[in-house]
Amino acid sequence: MHLLGPWLLLLVLEYLAFCDSSKWAFEHPETLYAWEGACVWIPCTYRALDGDLESFILFHNPEYNKNTSKFDGTRLYESTKDGKVPSEQKRVQFLGDKKKNCTLSIHPVHVNDSGQLGLRMESKTEKWMERIHLNVSERPFPPHIQLPPEIQESQEVTLTCLLNFSCYGYPIQLQWLLEGVPMRQAAVTSTSLTIKSVFTRSELKFSPQWSHHGKIVTCQLQDADGKFLSNDTVQLNVKHTPKLEIKVTPSDAIVREGDSVTMTCEVSSSNPMYTTVSWLKDGTSLKKQNTLTLNLSEVTKDQSGKYYCQVSNDVGPERSAEVFLQVQYAPEPSTVQILHSPAVEGSEVEFLCMSLANPLPTNYTWYHNGKEMQGRTEEKVHIPKILPWHAGTYSCVAENILGTGQRGPGAELDVQYPPKKVTTVIQNPTPIREGDTVTLSCNYNSSNPSVTRYEWKAHGTWEEPSLGVLKIQNIGWDNTTIACAACNNWCSWASPVALNVQYAPRDVRVRKIKPLSEIHSGNSVSLQCDFSSSHPKEVQFFWEKNGRLLGKESQLNFDSISPEDAGSYSCWVNNSIGQTASKAWTLEVLYAPRRLRVSMSPGDQVMEGKSATLTCESDANPPVSHYTWFDWNNQSLPYHSQKLRLEPVKVQHSGAYWCQGTNSVGKGRSPLSTLNVYYSPETIGRRVAVGLGSCLAILILAICGLKLQRRWKRTQSQQGLQENSSGQSFFVRNKKVRRAPLSEGPHSLGCYNPMMEDGISYTTLRFPETNIPRTGDAETSEMQSPPPDCDDTVTYSVLHKRQMGDYENVIPDFSEDEGIHYSELIQFGVGERPQAQENVDYVILKH
């Protein structure tokens, strides 16, 4: 019982120390590798669930002291709550934190650092010891080369060089070498510093050849300066097919018929070992030849060819290089090959002499139709331009150093050419006229192959009644030449033969020579009778106008063309074959309006109130485009159409009218035409009434005139008395000048009105009665009182004389008329008169 007590206490303490291990979790590499002087990078993570880390101690080979319940060992690193680190711990760095990172770095690392590293972690309530193995060697340890399970030639593989070391403070590099020489291929280097693994790796992609079999591949570890540290080597095991080479006796593989030949197939390399051997000639396997040696005794020319051996292993078969075995012999009977046969005349032809021989023939003899061709000693005969006489049989004989061959049967050369000397022959008697039936034949001299058809170049409609014969019915005038061709594979054309067809003149037409522009009246005009062709060329001309013969010259001339020359012209041209007429050609003469006249409808006598139409008729080319109307005073009327319509017509419209027509050539005017408008019965009645009134007025005036005459005589008898009085009597005749009408103007015409006669105007001046004497009057008693039969008045009269022969609807050129003015002024002697205002009575009588 006493013995169990201490052990039970130890178990309890151990349990208390490790009872909470489930609360700590660590991740890091189990073992780290390094060498003397290098460094160690220890990636590490942890988890403490009860709080942050308060204390961390790195032990070297820690041991638990049961007496003190603590770990003893070399303390490489120790961190306290104040974070201070002793100076002797500078080569060890804690790169972690108080949460989860526990990464460490030891630089430099020494061999005596090998062993266990203990990470003593303490939080507020928990403790933990984590162990990591460290392996430090005296010298750098070598990397390890990893190869694929199998390597075959020409198949790409990846070589891997792995080193279980990596540290940030100590750079290294891995280099690949093949047989001590750096490899040309680029390697890919990668490093890993994770909690899972720490390493440096280099991968090289490589396509090995069979020659790499057994070669040494090295992965060399170097420091940053390229200094060698360590290496690893492997020997390549490259699987490949057998590598072969043929050796021949004799070495040049050239023998004559009957000689012996030995061929040996040497295997220079095979991995794995070869299993089968076979021989082939020109791709065909030789039976019962399964060894590396091939023996051929008494060879023949048929054994000439390409030989090679084929050896197989587990990787596959391999063929050797070919060996060409030449068995020499004299030329065999020759044959001739003709290139491009049958040959076309003018083309090139090449003959080839073919004869089996070894060595090849060095001399040839050629024959044409059994006759030797001088100077032809080559294998080929070339004729650049073949001719018909080259046709025939060609043969040859070949010769080499072993002998002369035999002449073969030869080859036939067929030279083809178009028909020769083709001609076109006219079968008709000459001359040939238009409309005749013509027969022609096509002839030739020779042809190869034979003529199979004919072609013709002819105008119009034709037929070929038999092969090589042409028949043309109703030959045309323009069928000038005809040619034929005889055809086999090609056509040969004969020279065109002229038919010389005679025909009447063609394309007769009238052509205006001058003027080049429009023809105006008075121009000089020339017309030409043209035709395109005539055979025979001797011709005669005839001119016609409206069916009337004019002349027999080729030209028709007009010195001064007139409108009467206009019309339809045609010309005729004839020769000994016939005559041809032109189409009618219209000669158009342009002239100004002429023969103008004014026609009146319904006539030149029209009653007033009716309608009258005046038409301006003319002859013009081109037609009148503009009309102008004038009256008898040459006054332009506002009418510009061909017809002047007066509706209703008035007496004042009576008079002479004329018109003027204008076209693009010029102007023309008509003579005067008079329109007479007479009164209607109603107007005549009114005029008669006015005339009677006028006669009555004249009668009254005559009576008054007699009275005035008597008074005047009385006045003359009392001249003495009048000398003392202030009365005066006088006549004034106002003679107005009338101008004669223009001789070129129209005559004053119209309806005469007899009531339009003389007119008399009267004026009476009356003096008031007075007794007051006037200054300057004679104071004679005789003159104090007027005569009893005298009246103190003044009579003033004007007699207007109408112009005889005038018409009332014709306005005179001048309004002044001839008039006789008569006045009488009488004032009696001084006497008393009653005071009264003087006045004037004025009377005008119009009729």
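The count begins at 1 with the first shown residue.
In case you wondered, yes, glycine gets a Cβ from its N, Cα and C as well.
Here the structure is a predicted model, which means the values were calculated and not measured.
In the disulfide annotation of Swiss-Prot, Cys219 is paired with Cys161 out of the candidates Cys161, Cys167, Cys265. Of the cysteines Cys309, Cys353, only one is given by Swiss-Prot as the disulfide partner of Cys265: Cys309. Looking up Cys353 in Swiss-Prot gives a disulphide bond to a cysteine among Cys396, Cys442, identified as Cys396. In three-state terms derived from DSSP, Asn164 (N-linked glycosylation site) belongs to neither a helical nor a strand segment and is classed as coil. If you measure from the Cα atom of Asn164 (N-linked glycosylation site) to that of Asn231 (N-linked glycosylation site), you get 13 Å. Remark: secondary structure over the domain 'Ig-like C2-type 4' (419-500) totals 0 helix, 42 strand, 40 coil, with classes taken from DSSP. Of all the glycosylation sites listed (Asn295, Asn363, Asn574), Asn574 sits in the most crowded Cβ setting, with the most other Cβ atoms within 10 Å.
Each of the glycosylation sites Asn67, Asn101, Asn634 was scored by the number of other CB atoms within 10 Å of its CB, and the largest score is that of Asn101. Mean pLDDT for the domain 'Ig-like C2-type 1' (143-235) in the predicted structure: 94. Close to Asn445 (N-linked glycosylation site) in the fold, though at least 6 residues off in sequence, lie Pro419, Lys420, Lys421, each with a CB less than 8 Å from its CB. Each of the glycosylation sites Asn112, Asn231, Asn428 was scored by how many other Cβ atoms lie within 10 Å of its Cβ, and the smallest score goes to Asn112. On the backbone, the CA of Asn574 (N-linked glycosylation site) and the CA of Asn479 (N-linked glycosylation site) stand 20 Å apart.
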